[in-house]
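*Asks:* Could you have a look at this structure, given as structure tokens, before my questions?
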There are 2 protein chains.
Amino acid sequence: MNPDIIRERQNATFDVETLTNILDLGPEKTKRRREIESLVLSDPDFNEKDPNFLARSERYDQAVRKSAAMILKLREYGISDPEEILFYKRLAKGHHPEALALHFVMFLPTLYAQCDPKQSRKWLPLAESFQVLGTYAQTEMGHGTHLRGLETTATYDPATQEFVMNSPTVSSIKWWPGGLGKTSNHAVVLAQLFTQGICHGLHAFIVPIRDLDTHEPLPGITVGDIGPKFGFSEVDNGFLKLNHVRIPRENMLMKYAKVDLDGTYVKPPSDKLMYGTMVFIRSLIVGESARALAKSCTIAIRYSVVRHQSEIQPGEPEPQILDFQTQQDKLFPLLAMAYAFTFMGQYIRETYQRITGDISMGDFSEMPELHALSAGLKAFTTWAVSSAIEVCRMACGGHGYSRSSALPDIYVDITPNCTYEGENTVMMLQTARYLVKSYQQAKAGQRLSGTVSYLGEARQQRLQPQPMAAGQTVVDISDLASLVDVYKLRAMSLVELAANSIQEELGKRKSHAHAWNNSAIDLVRASDAHCHYVVVKVFTEKLGQISDPAIHSVLSTLAQLYALRGIKQNSGDFMLAGLLKGSQVLQISARIKELLSQLRPNAVALVDSFDFNDKSLNSVLGRYDGNVYENLFEWARKSPLNATEVHESFHKYLKPLRSKL
Amino acid sequence: MNPDIIRERQNATFDVETLTNILDLGPEKTKRRREIESLVLSDPDFNEKDPNFLARSERYDQAVRKSAAMILKLREYGISDPEEILFYKRLAKGHHPEALALHFVMFLPTLYAQCDPKQSRKWLPLAESFQVLGTYAQTEMGHGTHLRGLETTATYDPATQEFVMNSPTVSSIKWWPGGLGKTSNHAVVLAQLFTQGICHGLHAFIVPIRDLDTHEPLPGITVGDIGPKFGFSEVDNGFLKLNHVRIPRENMLMKYAKVDLDGTYVKPPSDKLMYGTMVFIRSLIVGESARALAKSCTIAIRYSVVRHQSEIQPGEPEPQILDFQTQQDKLFPLLAMAYAFTFMGQYIRETYQRITGDISMGDFSEMPELHALSAGLKAFTTWAVSSAIEVCRMACGGHGYSRSSALPDIYVDITPNCTYEGENTVMMLQTARYLVKSYQQAKAGQRLSGTVSYLGEARQQRLQPQPMAAGQTVVDISDLASLVDVYKLRAMSLVELAANSIQEELGKRKSHAHAWNNSAIDLVRASDAHCHYVVVKVFTEKLGQISDPAIHSVLSTLAQLYALRGIKQNSGDFMLAGLLKGSQVLQISARIKELLSQLRPNAVALVDSFDFNDKSLNSVLGRYDGNVYENLFEWARKSPLNATEVHESFHKYLKPLRSKL
């Protein structure tokens, strides 16, 4: 064990195990998680090659092998609880996606949700026994978030009682679905349904794409891998071109909408029934983003206490780089963010469970709130985390750029979350639509509930901070409740600003659609402020549930840092809304410096509390024992370029150069 | 040609070729550049495989082949002007680094600068004929920017008149030098010189590391590749462990410092003589960052006019995504930044030439200014560009994440600039040191020159904006000169703030070193504001040289957008310094929207003006003809995973799964 990191752990002011239990939502959960993790750790089948040293086809191969192994082993161990499966897979997968992910997270859930009873009897046994391996083919080369734009057609032919599935243009080729290129033999294809000459919009169809036995593509099917990406080398994101492929009528998923034998279309009872999965995945993304950031902070902070560099006091030994204020200012706000987003992830999961419970009881009243919350927070957290991981990487200097740090892998694994499951800007605008609508309802005297209820607070109360401009102070920067309040008032002022912008544009005789587009910058900003408020609020409320005084203290410090750093970075908004005076902005800067110093002794303990196993981090820089340099050398020697002492290019190109000159 | 992109070009209000000439610094330069580029374009040897489809060893192989080919061809064509070589190499290399780069940019220049005449006669012919292939081995596994911390030793042994080169620890292993792993047979090694029992600090030594003939590592040498990185797959960044390797006394570079036969050390006349190369490279990086951003904007903007998605007006066809205000707000400020940094790159190169001219005439007075300017602007531009490229990538939706977009390649090629040639935070602090020193000199009554001269402007003038708080406005947001002024005043206020923070810390009886560290956040912020001011100023001054009215108009719009966006994003600073009222901040937001609309018709023409050949972009999304989708499909089909219809993993893992369950 590196002596620096030992000393860091001795200096901590709180008990790491207790905080781990809080993060896991109870000591029993911690225990069970570790039991499951030990199954992976003790299993020689998961001692695979570092994917960094493999070519893409080998990485895909290894990922498929692992997917198959996980299926068999989980069954063998009798692990079937979704959370426990997640514990197992997280450790087995590392930072890399699972080859069969789409079968589990999209194909099977779609079958469960949208098969009628007869279809369930046919398809579920096939899919659950992996004879049918499936994916979910929605996006097309030319069409993403805007589903109505999809071009693939499914035209019913009553003569044969078949649907003719077709990709009419190049831009209509299905593009991006995970597992579509090489792995899947079936796909749920989203297509515009035509019957009796009328288009009834998007519906889902089960399309066989490869022979069950030979795995060769079926007639009329052009299928393959879309090529290398920034990350996701393990996954065969694919394309699918359908050339008038005929499938039986029964392959349309018919739990809700139906097409009768003669081609008569039967409408679904509601078009909101397909909503749930997307909202669920978006709320999961919040937690996964938090996890990626927590890993990155663990790596960067552990490395920053074993790395010595430069000087503070001339003549003294090189200090640990975490002693530089600039390094603390890079990493501690991100550590605070990792905690904030972890609690936010827990909150949104609980909210999802509560509201879907209500929905299943027939109460749809909170569905818009849930949708707006998950859309906005998915965007807010993934954007923030994406940038934050790169800050962590750069905080590790050159070695952060090495694949041995794992930070590049964590980055490319998480950054697509900004785009998939709803492009972030589109998500922010959806949340903004809800905010503006709520604001207008409140103005019209309606009562609001949920996270937006502040938009209905009395106008007088909203305007309270205004007198501050004349010198009167209402914000106490060392009181979290007061900080939650200013975040709320800032969000309110930005929602108001966006709503006013729309009114102004309408006043210029613009259509509502153009008024909306011409206010889009303000609308995104308003959503961002709303999400920021919710995160600060949830973090603050979480503190109320923590009884251990030492942990309460250090988490309060983190919460204050998170809140104050956000104010500092957006100080213009707060000053513009009359919420802060210049002198307070200066006080906040000074206070942030104090908080950084306060956190310094607990930095390593705070990342240790996330309790990432070394295998899960797969980072030479982030090792628990801090023994970075020896292991960096070991790792490098395994580089494939070191398999021979002399690379063939010397003989082919370099040596001949001499004689040619 | 895609009809959308044709229409865009028809709508432009200025002549693209004229702007290209301005960017090239004259029509003759444009002509010559294109002549040289056509040599690459017409050369079948450069029709190589897309590196995205190659494994790392193949990428390295292809890059070495290309390096060797470029040497032969440039000689054949008789191209020897450094700028013309750059034109040639840029196009031949694409976004990927050159395998032999370090031989050209570090090894040879070090020999030219530090060999004594006898050494020159021996080494230059060997290195210029590529019998000796070299690199520059400075950084060690445990030591980067802080050179005094390097551990490698060179101990003189007068008995044999040799230096004993040694890596005493794991952390002292040379780490990161490009071309060190497999390519080079020699390295300039930076090591602590010991002679007669005394350490004389860092000196440079020529160390043979591989046999000239067999290329096998020499005795005592452990050398190899440091393993895969985030990018730079073409380059064998390497490690070098020296186990008491003996080299002749003559292998110490002796132009300045010397060790006599008996071990007597002779000091160099000045220790600043090794400074120049670093400053030169940092100023080049500013221009290269601008170029990477210009490429990224070209890709994202061209794609945004051929991509149709979503809706603005319900029922209407899907609009070009560049018509969304949010898309404009993402991309146009970055386009403005690309222009700003291009002009900044030109300015800093001219400044470098002017000041090094002075230095060669014995005038060292502007050296600190040059050093501070290049350090700060290297950090300012690379940080900004690094984030900006990712914004461009995400603005392309899912396809931005595909390697076919080229955006991931551009990103990983440019982001290490934030770390190498001086870690950015360290660079910002070096610039801050100069700013604070200048500020104190001005306070003590000294006259300042160069970009910091504003720090000496009369205190009264500095305080002029203060009355604004009482309602008086001095800033005209539509006047660029006025915007340069507020940037200047903001920088001044932040330098003052940082200097005051140091004073306060000193007042708490902190040592100067700790006072500095406890003010580091403010110091970095001050440097950032100074650099921002310089960029706005240089852009504004550039406009004065442009006579074509249409081009003057569109560049003025860009300059205003660059300046106002920066104010909006840092509005707290400007309000805090009393430079802007809240009402003006709102005006600025409204003005930014107007500028976005004004730029919309010229967006494609503004990126066309950068005149990147399609080969140089290597981006399916950024093609000049806008024919994205057909070519995306073509590209994907070449993915190595598509070489066979059925991947072996199906037979190995997936099919057997069925029977095992």
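Every residue gets a Cβ built from N, Cα and C, even glycine.
Sequence annotations record features per position, and here TrEMBL assigns domain 'Acyl-coenzyme A oxidase N-terminal' to B:15-132. According to TrEMBL, the feature FAD binding site maps to B:Thr139, B:Gly178. Feature annotation from TrEMBL assigns domain 'Acyl-CoA oxidase C-alpha1' to B:275-436. For B:Glu421, the entry in TrEMBL reads active site, proton acceptor. If you look up TrEMBL, you'll see B:479-657 marked as domain 'Acyl-CoA oxidase C-terminal'.
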*Asks:* Validating a neighbour-count step here. Other CB atoms within 10 A of the CB of B:Thr139 (FAD binding site): how many?
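*Replies:* Other Cβ atoms found within 10 Å: 20.
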*Asks:* Applying an 8 Å Cβ threshold (strictly under) against chain A, tell me which of the recorded positions B:Thr139, B:Gly178, B:Glu421 fall inside, in sequence order.
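*Replies:* Cβ contacts with A, in sequence order: B:Thr139.
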*Asks:* On the three-state reduction of DSSP, what should I expect for B:Thr139 (FAD binding site)?
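*Replies:* In three-state terms, B:Thr139 (FAD binding site) counts as coil.
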*Asks:* Kindly state the mean pLDDT of the domain 'Acyl-CoA oxidase C-alpha1' (B:275-436) in the predicted structure.
*Replies:* 94
*Asks:* Could you list the residues of the same chain, at least six apart in sequence, whose Cβ is under 8 A from the Cβ of B:Gly178 (FAD binding site)?
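*Replies:* B:Pro97, B:Ala101, B:Leu102, B:Thr135, B:Phe232, B:Val235, B:Asp236, B:Asn237, B:Gly238 - these are the non-local Cβ neighbours of B:Gly178 (FAD binding site), listed in sequence order.
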*Asks:* Tell me the Cβ contacts of the residue listed as 'active site, proton acceptor' under 8 Å, same chain only and six or more apart in sequence, or just say none.
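*Replies:* For the residue listed as 'active site, proton acceptor', the qualifying residues are B:Met278, B:Ile281, B:Arg282, B:Ile285, B:Lys378.
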*Asks:* When DSSP states are grouped into helix, strand and coil, how many residues of the domain 'Acyl-coenzyme A oxidase N-terminal' (B:15-132) land in each?
*Replies:* 90 helix, 0 strand, 28 coil
